[in-house]
Amino acid sequence: MNYLFLGWRYGAFMCKITPYLQGVSVCASVNTLAAIAADRYLAICFTLEHKMTWKIAKVIVCIIWIISGAIMLPWLLYHEYEKYIETGLQTFYICTQRWPDNEGPRMFFVAIFILCYTIPLILIILCYSLIAVRVWNRNAPGIIRYNSVIQKSKVKVVKMLFTVVILFASSWLPLYITFLVIYFFTPDPETTTYEILYNSLVPLSQWLGLSNSGMNPIIYFYFSKTIRKRTMALLSCSRSVDNGAYYRRYSSTRCVSVDYTNGQIILRMNNRSSNRSQKVVDSTYYD
């Protein structure tokens, strides 16, 4: 609000709680993206062993928010509502940070940079890289007719995963660079450089970082044919969307029939009773 109006208009309580909740929500959303990446890695690379239930998911989300709340406690403690007198003009109240010493905000910035950017980014890069390798190297035995289709889908999956990583890194990096300059290179708040950085670049960088959460659905919509179909069906209130995410392809030759259903490949030998099956990557990634 300081970026939109002159002074702080919402009292002492809101001065403390608003920055705190903003910081908690950002920290929680970033670490939630990392948790989603980890869950996708386990679901794809350890399909049989990994079982994610609603109960487990709720516990993970609660833990993320509790940890984020603990990390951002300094903002709750050190934001103050103060009277500010502008020379020769007017008197108004501001909401600003008041740390016990000059090292406090710097140490806090380093902690936030590590816990809410560096570690989540490393985890996201690691998980999506392992997923990309697994998708690229995994073959669907018995499929001949659809080999070119699956190969194109693999390329699309890899592009999508790395697009998510690059956008995440580039969306949040400007904010941390801006705060790095503020805390370590322009410590005097009375300078013009400090005012430009804090009043102009900080809000722009914050909006850019927060926009990352809105970019991800657009990325998935662009790269996934399945998601596009289901989204359009949902928008058109169609009842044809299958809640079970059913997906099937069928191919047959003189000697063998291939049934590809919900990520399960079943080979049936024509005029024979034997069959075999093998788990592959979820069909959502191959579409």
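Glycine residues also receive a Cβ, built from the backbone N, Cα and C atoms like all the rest.
Sequence annotations record features per position, and here TrEMBL assigns domain 'G-protein coupled receptors family 1 profile' to 1-220. Confidence over the domain 'G-protein coupled receptors family 1 profile' (1-220), given as mean pLDDT on the 0 to 100 scale, stands at 84.
Within its own chain, the transmembrane segment (59-78) has Cβ neighbours under 8 Å at 16-17, 19-20, 23-25, 27-28, 31-32, 35, 97-99, 104, 108, 111-112, 115-116, counting only residues six or more beyond its boundaries. Residues annotated as transmembrane segment in TrEMBL: 59-78 (among others).
The transmembrane segment annotation in TrEMBL covers 108-136 (among others).
The feature transmembrane segment is assigned by TrEMBL to 157-184 (among others). Under 8 Å from some Cβ of the transmembrane segment (157-184) lie the Cβ atoms of residues 30, 33, 105-106, 109, 113, 117, 121, 124-125, 128-129, 131-132, 135-136, 194, 197-198, 201-202, 204-206, 208-209, 211-212, 215-216, 219-220, 223-224, 285-286, all in the same chain and six or more residues away from its ends.
The transmembrane segment feature in TrEMBL is assigned to 204-223 (among others).
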